[in-house]
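Taken verbatim from TrEMBL:
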type	residues	note
BINDING	GLU44, GLU69, ASP96, ASP118	S-adenosyl-L-methionine binding site
BINDING	LYS122, ASP154, THR191, GLU192, TYR193, GLU194	substrate binding site
Amino acid sequence: MRLRNKPWAAEKIANSPNIVPPNPSEYRGEWAAYFNHNGPIHVEVGTGKGKFLTEMAQAYPDVCFIGIEKFDSVIVSAIERAEKANLPNLVFLNEDVQELRSFFAEGEIDQLYLNFSDPWPKVRHAKRRLTHEGFLSMYQEVLKPKGEVHFKTDNQGLFEYSLESFSKYGLKLQNISLDLHNSDISFNVMTEYEEKFSERGNRIYRCEASFPS
Ligand code: SAM
């Protein structure tokens, strides 16, 4: 993600408490009450400029969507998009996923999305990959039993690594696609990176991985 210096970003975030709730750990275990809705909770980690989650929230009004993005200068684009869409079932957290357990109680999340996560190609940086076992154990804690991780990337190396990491950790893999845009999948909301990379002719890889009960 290319970062642009946006000195006004912090102010924009502070002035958008309905879209970026400040102090999200206050809602740990209480997100259903926050949304005033008992529907499933889906979380996207590394949400970027929010295209995917905003379109998902429009397509699935009975699901509550929460996007986590650590950079101010990126999340402001997600705020602008969400403002225009004006959706009751969408918020963003301006936080680092490392703190996931302080925002969500055990078993609070139904599904998690990882879209075009940073690949961290150097072996010595493997622990930073969002599909590393250290992150998987965090996801397992906050997901319900049999909770799912839906993963998309154009990076073949990261995809291969992630399939192995999911599998070693005991997740069950399903709906694996090695070329999503030339598959028979009926519905796919594209992310910003997905649009950009598929326009360049890159193949998009996707899989779903579910934790054991
Ligand atoms: N998901 C978007 C898409 O597909 O268009 C953005 C992909 S971009 C390559 C990865 C995003 O993840 C960046 O916006 C980055 O700031 C965010 N990110 C990376 N590590 C993160 C972390 N530990 N916590 C929160 N966000 C993170």
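Heads up, residue numbers simply count up from 1 along the chain you see.
Glycine residues also receive a Cβ, built from the backbone N, Cα and C atoms like all the rest.
Just so you know, TrEMBL annotations are computer predictions that nobody has curated.
For ligand 1, the neighbouring binding-site residues among GLU44, GLU69, ASP118, GLU192, TYR193 are GLU69, ASP118, GLU192, TYR193, by Cβ distance under 6 Å. Across the residues the record lists as binding substrate (LYS122, ASP154, THR191, GLU192, TYR193, GLU194), the two Cα atoms farthest apart are 25 Å from each other. Secondary structure at GLU44 (S-adenosyl-L-methionine binding site), taken from DSSP and collapsed to helix, strand or coil, is strand. Of the listed binding-site residues GLU44, ASP96, GLU192, GLU194, the Cβ environment within 10 Å is emptiest of other Cβ atoms at ASP96. In sequence order, GLY46, THR47, GLY48, GLY50, ILE75, ALA78, PHE92, LEU93, ASN94 constitute the residues six or more apart from GLU69 (S-adenosyl-L-methionine binding site) in its chain with CB-CB distances below 8 Å. Neighbour density for ASP154 (substrate binding site): within 10 A of its CB lie 20 other CB atoms from the protein chains shown.
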